[in-house]
Amino acid sequence: MTILLVGLGAALGAILRYQLTRIGNHIASEFPLMTFLINLTGSFCLGWLTGSQLSQPVTLFLGVGVLGGYTTFSTLNSELSQLWFRRRYHIFFGYWLLTYGLGLLVAAAGFYAGL
């Protein structure tokens, strides 16, 4: 049953990420805004989930499943690599610092919101 919950959640999270990315593709910018926003909102939600007192099945469905499928570490690093190899160093460092710096802050904010 747990595997089904996680798998269903992952599918829902991936579909949500895909749809948001499609919407965001209309924004012409070198900065990968949609991946940035997806990862920050996912960090906040995972922080909230960690601070909350939800049951283990709900936590697995939402945390491992939905948010695991929604957030995207691999796309982040792929985009960072592309920026680096295209010598867009100012965007690379801004994206890197903002994603990891704000990611930690919003995860902490989510954690405290979930208490």
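Cβ coordinates come from backbone N, Cα and C, glycine included.
Listed in Swiss-Prot for this protein:
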{"type": "TRANSMEM", "residues": "1-21", "note": "transmembrane segment"}
{"type": "TRANSMEM", "residues": "31-51", "note": "transmembrane segment"}
{"type": "TRANSMEM", "residues": "57-77", "note": "transmembrane segment"}
{"type": "BINDING", "residues": "G68, T71", "note": "Na(+) binding site"}
{"type": "TRANSMEM", "residues": "91-111", "note": "transmembrane segment"}
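Counted as Cβ pairs under 8 Å, contacts with the transmembrane segment (31-51) are highest for 91-111 among 1-21, 57-77, 91-111. Cβ environment of G68 (Na(+) binding site): V6, G9, A10, G13 lie under 8 Å away, each six or more residues apart in the same chain. Counting every protein chain shown, 22 other Cβ atoms lie within 10 Å of the Cβ of T71 (Na(+) binding site).
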